[in-house]
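Comments concern the structure below.
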Amino acid sequence: MQELNEAAIAYYNNGSTDQQNLAWQFFLSMDGDGNGRVSFQEYTDFLCRTTGLAWVRREMFQELDRNRDGQLDFWEVLTLYYVARTRTIGCRTCLQPLIGLYFTCVTCFESQCVCDTFDLCVNCYMRRNYNHPHRVFLDSFVLLRSKRSHPPLVR
């Protein structure tokens, strides 16, 4: 979660004023009582209203709560905002949000149709806990690297 928090802060600090305002609006929409902090109840209420129950996990709240004070400040919510904006996919087997490393079916990823990709969390992929016709999967980092074209060496 540390890496996601740092990425969120980097995007915020380098973003336009409009992008920063959107992040603040996200925070303010979670802070139901306007005290500048988001309680677990406010977090749960917000996620149930906006994304459904799949994202409502106490573990996620605890991971976001970096200073362990039982509430989320703006910078901690900013991490959730970044995750929600960039990682809104879930494991096709256990339905948990895919936040860090995950596996993607290469055939589905490269398909020309507008179908969703077939993505799995590390645990479901490791345990072969899925039913899918394709067998070639790459983790999110290797998939990205494999898509980079390597120009020939020039001497």
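Each Cβ is built from the backbone N, Cα and C atoms, and glycine gets one as well.
Predicted, not measured: the structure shown is a model, and the values here were computed from it.
Annotated features, as they stand in TrEMBL:
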{"type": "DOMAIN", "residues": "18-53", "note": "domain 'EF-hand'"}
{"type": "DOMAIN", "residues": "58-87", "note": "domain 'EF-hand'"}
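Cβ atoms under 8 Å from those of the domain 'EF-hand' (18-53) belong to residues 11-12, 61, 70-74, 76-78, 81, 84 of the same chain, restricted to positions at least 6 beyond its ends. Within its own chain, the domain 'EF-hand' (58-87) is flanked in space by residues 1, 4-5, 7-9, 11-12, 23-24, 26-27, 30, 36-40, 43, 51, 97-99, which lie at least six positions past its ends and keep a Cβ under 8 Å from the stretch. Break the domain 'EF-hand' (58-87) down by DSSP state and the numbers are 20 helix, 1 strand, 9 coil.
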